[in-house]
Amino acid sequence: MAAQTAPELAKLDLNKNSGSAEANVVSNGGSDKDDAENEGDSDDDKDEAGGSAEVNTEKKKKKKRSKKKKKAAKVQSSPPRIPLTTLFPNNAFPEGEIVEYLNDNSYRTTNEEKRHLDRMNNDFLTEYRQAAEIHRQVRQYAQKELIKPGATLTDIAEGIEDGVRHLTGHMGLEEGDSLIAGMGFPTGLNINHCAAHYSPNAGNKVVLQHGDVMKVDFGVHVNGRIVDSAFTVAFDPVFDPLLTAVKEATNTGIKEAGIDVRMSDIGAAIQETMESYELEINGTSYPIKAVRNLNGHTIGQYEIHGGVNGKSVPIVKGGDQTKMEEGETYAIETFGSTGKGYVRDDMETSHYAKVPNAPSVPLRLSSAKNLYSLINKNFGTLPFCRRYLDRLGQEKYLLGLNNLVSSGLVDAYPPLCDVKGSYTAQFEHTILLRPNVKEVISRGDDY
C-alpha cells in the first residue's frame with residue numbers, strides 16, 4: 001500500500017540532481033502398514049527342521065515383496081484452494097530472503113544475545129512466513145492464469161482474493177473471521193497513469209488491454225501480521241525499461257535498509273537508481289522519475305501504515321534523518337513514472353480503513369452506526385474496499401460510509417494518479433528488521 005508524502009516535503013525541488021515460483025511440494029511421510037501374512041505351509045512328510053527353514057525362507061520372500069506405498073505429494077491446486085497449513089502441517093513455512101547486516105551491524109549475525117532475542121520471536125516469524133507464502137502462491141497463480149489481456153479487473157481482483165481466503169482457511173463471511181487471517185490490503189489494480197489505491201467497485205466493467213501497464217498490490221495477514229507486496233505487469237516489451245527501473249530501485253531500497261540507517265540515505269539511493277533509466281515510446285524518450293509524494297512505510301499489527309508512530313521511507317533525496325530501528329517491519333515500495341512524478345487524488349474511491357484510536361464521535365445516522373459496528377467486528381483497522389461490504393450483504397451503505405469519513409472515524413484512500421497519458425510502475429516487498437538478520441519476507445522467484 002502506498003503512503004503519501006506530506007505536501008510540504010513533496011514540493012521540494014528535486015530536479016537539480018532514482019519463496020518460490022511454484023507451490024512447495026510437501027510429502028506427508030505417511031506410510032502404510034505391512035500387510036504380509038505369515039502363511040508358511042507345513043509338510044508332514046518333511047522333517048521339522050526342514051519345514052521350519054522353508055517357512056522362514058517364504059517369510060523373507062514375502063517381506064521383500066511387501067513395499068511401503070508412497071502417498072502422492074501434495075501440491076497447491078489451480079486455482080489455489082488448499083489451505084497452506086495442509087501443505088505445511090508442521091507450520092514450517094519457507095523463510096524469506098535472509099540478508100546479513102553489514103558494516104557496524106555485522107556483529108549482529110553471530111551475537112548470541114541477538115540470536116536469543118530472535119528465537120523469542122518464533123510465533124511472529126511463523127505468522128509472517130505463512131502470510132508471505134500465501135502471497136507468493138496466489139500472486140504466481142494470478143500471473144499465470146488471471147492477468148491476461150481481455151480479463152476484467154473484477155475477475156482478477158476476486159480471483160486473487162478468493163485464493164487468499166482459501167489458503168488462510170478463513171473465508172471472512174462469519175463475524176470476526178477476517179480478523180483471524182485473510183486479506184491484509186484490498187487488491188489494487190492500477191492501470192497506466194494510476195499509481196495506487198484503485199480497486200474495481202461493484203459494476204466495474206474495465207477490461208485489461210495489451211498496451212496497459214498494471215500495478216498489482218495486495219496484502220495478506222495472519223493474526224494481523226500483514227505482508228504487503230506489489231508487482232507490475234506489462235505485455236508490451238517497450239515498457240521493460242520502466243519495470244526494470246522500478247524493480248531495481250526497490251531492490252536498492254531493500255539493500256540500503258537496516259538498523260540505524262537514515263531514511264534520507266535510503267531515499268537518495270532509490271532515486272539515483274530509478275532515474276538512471278529512461279523509456280522510449282515511438283521514438284520519443286521519457287525520463288523515468290521517482291514519484292516524490294509516495295513512500296514506503298512501517299507496518300504494525302493490523303495497521304498497514306504502522307500506527308501513530310509509523311515512519312515513512314522516501315523514494316527521493318531530501319528526506320528526514322529518522323533512523324530505522326531493530327524489530328520494525330517495513331514495506332519498501334517504489335514508484336516510477338513517465339509523467340510529472342507527482343500523484344493526486346482522482347477517480348472513484350474504493351479503499352477505506354478505520355482510523356486507529358479515533359475519538360468517540362456521536363453518529364446521528366443509524367446507517368453509519370450500523371456500518372461502523374460491522375467494520376469494527378469484521379475488519380478492525382485492516383483496510384477494506386466496497387466489494388468487501390457487498391460480500392457481507394450490505395446495501396445502500398454509501399451515505400453511512402461517507403458520514404463515517406466526514407466524522408473522522410474512517411479514512412478514505414482515493415486512487416492516486418499522475419497526469420493522463422503517462423505510465424507508472426510499482427514494486428514492493430515487506431522486510432523484517434530482525435535482531436540478527438534482515439529478512440525480505442515476501443521475496444519470491446518472480447521478483
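The backbone N, Cα and C atoms fix where each Cβ goes, and this holds for glycine too.
Straight from Swiss-Prot, the features:
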- 1-89: region 'Disordered' (REGION)
- 15-30: compositional bias 'Polar residues' (COMPBIAS)
- 34-47: compositional bias 'Acidic residues' (COMPBIAS)
- 59-73: compositional bias 'Basic residues' (COMPBIAS)
- His197, His305: substrate binding site (BINDING)
- Asp217, Asp228, Glu428: divalent metal cation 1 binding site (BINDING)
- Asp228, His297, Glu333, Glu428: divalent metal cation 2 binding site (BINDING)
Non-local Cβ contacts of Glu333 (divalent metal cation 2 binding site) (under 8 Å, 6 or more apart, same chain)? Ala2, Asp228, Ala230, Thr250, Leu294, Asn295, Gly296, Ile315, Gln426, Phe427, Glu428, His429
Surrounding CB atoms that lie within 10 Å of the CB of His297 (divalent metal cation 2 binding site), all protein chains: 24
In all the protein chains shown, the tally of other Cβ atoms within 10 Å of the Cβ of Asp228 (divalent metal cation 1 binding site) is 30
Among His197, His305 [binding-site residues], residue with fewest other Cβ within 10 Å: His305
CB-centroid shell, 8 A cutoff, divalent metal cation 2 site Asp228, His297, Glu333, Glu428, site residues removed: Met1, Ala2, Ala3, Asp217, Ser229, Ala230, Gly296, Ile299, Tyr330, Ala331, Ile332, His429, Thr430
What residues, ordered by sequence, lie under 8 A Cβ-to-Cβ from Asp217 (divalent metal cation 1 binding site) and sit at least six positions away in the same chain? Met1, Ala2, Phe185, Thr187, Gly188, Asn190, Ala196, Asp228, Ser229, Ala230, Gln426, Glu428
Between His305 (substrate binding site) and His297 (divalent metal cation 2 binding site), how far is it from one CA atom to the other, in Å? 6
Cβ-based neighbourhood (8 Å from the centroid) of the divalent metal cation 1 site, residues Asp217, Asp228, Glu428 excluded: Met1, Ala2, Phe185, Gly188, Phe218, Gly219, Ser229, Ala230, Ala331, Glu333, Gln426, Thr430
Rounded to the nearest Å, what's the C-alpha distance separating His297 (divalent metal cation 2 binding site) and His197 (substrate binding site)? Just drop the number here, would you? 15
